[in-house]
C-alpha cells in the first residue's frame with residue numbers, strides 16, 4: 001500500500017513517525033511551504049518536512065494544492081491512500097479521487113464537535129472536560145466526512161493548549177495506527193456525522209487572547225490556558241501590554257466593593273484580580289521589555305499597585 005502523507009506542524013509528526021515505524025510505504029510527504037519565522041524572519045521548514053527529510057522521504061511543498069498540475073503530480077505518484085493530519089488546507093475533490101482507498105484524516109476533536117483549524121485551543125477556552133481524536137474519511141467539506149474511530153482524552157483543570165496538543169498528537173498516531181489495521185482487515189465501519197451536533201473551531205488569532213475581566217473567573221482561567229503557548233492571553237496595565245501566562249482560581253468570595261479588572265492585592269503569591277463573579281490570581285506574566293517570569297520575581301524590581309485597573 002503506497003501512502004502519501006499530508007501534514008505540517010508538530011501535531012502531525014507522531015503520525016508520520018508511526019507510519020515509518022510500522023513499515024508503511026510512505027512514498028511522499030506533502031507539507032506547506034517554508035515560512036518566515038522569528039525576529040530575523042528567516043525561512044523555517046515545517047516540522048513534518050524536517051522529519052521526512054531525516055528519513056529520506058520525498059517532500060512536496062506546493063504553494064497551491066488545487067492546481068491541475070499538482071493533482072497530476074500526485075496522480076503520477078500512484079498512491080493507494082492519502083493520510084492527512086493538520087495539513088492546513090482543504091483538499092480538492094480531484095485530489096481526493098486519486099487514491100483508490102480514499103483519504104483518511106486525523107482530527108483533534110470528537111467530531112462533529114469542533115470542526116475546523118483549532119479544536120485543541122477552543123476545547124480548553126470553552127471549558128470542555130473531555131476531548132479526543134477522530135479519524136475520518138475526508139470529503140470536500142470542512143471536517144464533515146464519515147467518522148471511523150474515536151478515542152477520548154480527559155482535559156485536566158489546569159492543562160494548557162500546549163500540553164493538550166502534545167498528548168493529542170501522540171493519541172492521534174495511536175488512533176491512526178488502529179484505523180489502518182482495520183482498513184487492512186476490511187473491518188472499518190463508517191459513521192456519518194450528525195450536522196445538528198456540529199460546532200466550529202475557527203483559526204486562533206492574536207486578538208483572541210485579549211482578556212475581558214467582565215467574564216467569569218472560570219472563563220478567564222480557560223482563556224489563559226487555551227491560548228498558552230500561542231497566541232498568549234493578554235491585558236493592559238497603564239497602557240502597557242501584559243501577557244498573562246498562568247493563573248489560578250482562588251476562593252476569595254465575591255465582594256461588590258471591587259470592579260472587574262481591579263487589582264486587589266500584589267504579593268509573592270501573585271496578582272489578585274477581580275472578575276465578574278470572583279477573583280483570579282495571576283501567577284506568571286510577561287511585558288514586551290522582559291521575559292516570562294513568576295510574579296514574585298517580577299515585583300522584586302518592578303512596582304504594581306493595588307487598586308490599578310487592568311484592561312483598556
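Cβ coordinates come from backbone N, Cα and C, glycine included.
Per Swiss-Prot, the feature (6S)-5,6,7,8-tetrahydrofolate binding site maps to 109, 110, 111, 112.
Features as recorded by Swiss-Prot, highlighted on the structure.
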| residue | record | Cβ contacts under 8 Å, 6 or more apart |
| --- | --- | --- |
| 109 | (6S)-5,6,7,8-tetrahydrofolate binding site | 115, 119, 120, 123, 131, 132, 133, 134, 201 |
| 110 | (6S)-5,6,7,8-tetrahydrofolate binding site | 130, 131, 132, 134, 150, 152 |
| 111 | (6S)-5,6,7,8-tetrahydrofolate binding site | 134, 136, 143, 147, 150, 193, 198 |
| 112 | (6S)-5,6,7,8-tetrahydrofolate binding site | 143, 144, 193, 194, 195, 197, 198, 199 |
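Other than 109, 110, 111, 112, the residues of this chain whose Cβ falls within 8 Å of the Cβ centroid of the (6S)-5,6,7,8-tetrahydrofolate site are, in sequence order, 107, 113, 114, 115, 119, 132, 134, 143, 147, 150, 193, 198.
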